[in-house]
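Student: Per Swiss-Prot, the features are:
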type	residues	note
DOMAIN	3-118	domain 'I-type lysozyme'
DISULFID	C10-C86	disulfide bond
DISULFID	C13-C118	disulfide bond
DISULFID	C15-C21	disulfide bond
ACT_SITE	E18	active site, proton donor
DISULFID	C26-C35	disulfide bond
ACT_SITE	D29	active site, nucleophile
BINDING	K41, E42, A43, Y44, W45, I46, D47, Y72, H93, N94, G95, K102	substrate binding site
DISULFID	C48-C68	disulfide bond
DISULFID	C58-C64	disulfide bond
DISULFID	C82-C100	disulfide bond
Amino acid sequence: FAGGIVSQRCLSCICKMESGCRNVGCKMDMGSLSCGYFQIKEAYWIDCGRPGSSWKSCAASSYCASLCVQNYMKRYAKWAGCPLRCEGFAREHNGGPRGCKKGSTIGYWNRLQKISGCHGVQ
């Protein structure tokens, strides 16, 4: 995974939560496609600075997709006032800008912590 403000362990847990940390291709989710290891939507990829050659090819690369997550968190997590630890990052990943403040992302965080090796992840 790419380095950045999100710890490697946290990235691994988000990856496991989204796809079992496999390139699972694209799936329709809430009216738009989510792709790859981190189930990245095209708008998220644009917000993370469009790394790689295209949205779908980046999402299909664990390194590029993790770089996108790192860039997204650098852009939004602090701005949104999220706690700069895994809970804030995971909820932001799930809920978009200001996702860490949305009640709808609490269940995502609780499910992520039940993944083997992810309880109490920072």
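Backbone N, Cα and C define each Cβ position, glycine as well.
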Student: Based on DSSP, name the secondary structure state of C15 (disulfide bond): helix, strand or coil.
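Tutor: Going by the DSSP assignment, C15 (disulfide bond) falls within a helical segment, counted as helix.
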Student: With every protein chain in view, how many other Cβ atoms are within 10 Å of the Cβ of K41 (substrate binding site)?
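Tutor: The answer is 20.
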Student: Which residue counts does DSSP yield for the domain 'I-type lysozyme' (3-118) in the helix, strand and coil classes, in that order?
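Tutor: Helix/strand/coil tally for the domain 'I-type lysozyme' (3-118): 61 helix, 9 strand, 46 coil.
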Student: State the mean pLDDT for the domain 'I-type lysozyme' (3-118).
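Tutor: That stretch averages a pLDDT of 97.
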Student: Here the recorded positions are E18, D29, D47; which one has the lowest number of other Cβ atoms no more than 10 Å from its Cβ?
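Tutor: Output over recorded positions E18, D29, D47: least Cβ neighbours within 10 Å is D29.
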Student: Could you measure the widest C-alpha to C-alpha distance across K41, E42, A43, Y44, W45, I46, D47, Y72, H93, N94, G95, K102, the residues recorded as binding substrate, and give it to a whole number of angstrom?
Tutor: 22
Student: Starting from the Cβ of C118 (disulfide bond), draw a 10 Å sphere and report how many other Cβ atoms land inside it.
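Tutor: Cβ-Cβ neighbours of C118 (disulfide bond) within 10 Å number 19.
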Student: What does the structure give for the C-alpha distance between C82 (disulfide bond) and W45 (substrate binding site)? Integer Å is fine.
Tutor: 20
Student: What's the CA to CA span in angstrom from C10 (disulfide bond) over to D29 (active site, nucleophile)?
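Tutor: If we compare the Cα positions of C10 (disulfide bond) and D29 (active site, nucleophile), the gap is 22 Å.
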Student: Report the member of C82, C100 (the disulfide-bonded residues) whose C-beta atom has the most other C-beta atoms within 10 angstroms.
Tutor: C100
Student: How big is the Cα-to-Cα gap, in Å, between C118 (disulfide bond) and D47 (substrate binding site)?
Tutor: 27
